[in-house]
Amino acid sequence: MRRQQERKSMPDAVKKVYLIHGWGANRHVFDDLMPRLPATWPVSAVDLPGHGDAPFAQPFDIEAAADAVAAQIDTPADILGWSLGGLVALYLAARHPDKVRSLCLTASFARLTADEDYPEGLAAPALGKMVGAFRTDYAKHIKQFLQLQLLHTPDADGIIGRILPDLARCGTPSALQEALDAAERADARHLLDKIDVPVLLVFGGKDAITPPRMGEYLHRRLKGSRLVVMEKAAHAPFLSHAEAFAALYRDFVEGVLDEPSGRTLAGLPPSCRTCRPTPDTRPQRAQTYPACRGGCGHQPQPAGETLSAGGI
């Protein structure tokens, strides 16, 4: 695991952001998102073992991948993980709580496959058939995957044109099968109660790989988390709805309080916003909030948010 394409910032910048990609991709999948984040933020996109330029020593191990990211972090950081990268981020936050200031999990999961205690999972994950296709012609099939995720996105061709050359240049990930096997075996549900940082969950309403019900499960289990479903997004909201996603993430990170509790006002229900008011300038969002955990005694509110403005 190595730190890659680090963007430098002002010397006094206090926020450090790490982006962790998903299965079958590499750090360049974030090439369209990074310029949309504040220029004062130091942002690093990393390659998971056996992806991009990162070497691969078998077996692919999620805990080891999380430890490798932690080794790069010298001060509590804001972590954004997509899909498999979100699973790695969960292990990172649970195993190295001193390294994580906040989490954003987009189109991710605590467990991928369903069982009798976890109906939110997939009955039969369909990613396996992509392994052979990626190995046969990675550039062709990663492009097709991106086109599917960006269906109906106005600037789809432009987005793909900006990220595909570097994404495809790295070639087929050497850990393709091993990383998929690890993702299908993984079960991070026992870690969720250990995570005590602000968490933003962003899911796509049309995502068939990690459907919104997986986000709802995480939202129930991660205390103080905030769930946002982008109704018309699929498995890559940060690509298909880049501006809205970047604004959402920017607001989240800026709202994280530098307090030991790590709580944010954004996670409080409307009644608690009366107790601790914060302006809401985005009435187009159909907002609901989780139960208050601040001890004020307010009753639980319906959970989750839906972004539907502007065709999102």
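Just so you know, glycine gets a Cβ as well, placed from its N, Cα and C.
As recorded in Swiss-Prot, the features of this protein are as follows:
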DOMAIN    17-241  domain 'AB hydrolase-1'
BINDING   Trp23, Ser83, Leu84, Phe145, Leu146, Gln147, Leu148, Gln149, His235  substrate binding site
ACT_SITE  Ser83  active site, nucleophile
ACT_SITE  Asp207  active site
ACT_SITE  His235  active site
Cβ neighbour count within 10 Å of Leu84 (substrate binding site): 30
Distance [Cα-Cα, Å, rounded] between Trp23 (substrate binding site) and Asp207 (active site): 15
Under 8 Å by Cβ from Ser83 (active site, nucleophile), same chain, sequence gap 6 or more: His21, Gly22, Trp23, Thr106, Ala107, Ser108, Phe109, Ile209, Thr210, His235
Nearest-integer angstrom distance between the alpha carbons (Cα) of Leu148 (substrate binding site) and Asp207 (active site): 11
Fewest other Cβ within 10 angstroms of its own Cβ, chosen from the binding-site residues Leu146, Leu148: Leu148
Spatial neighbours, same chain, of Asp207 (active site) - Cβ under 8 Å, 6+ residues apart: Ala107, Ala233, Ala234, His235
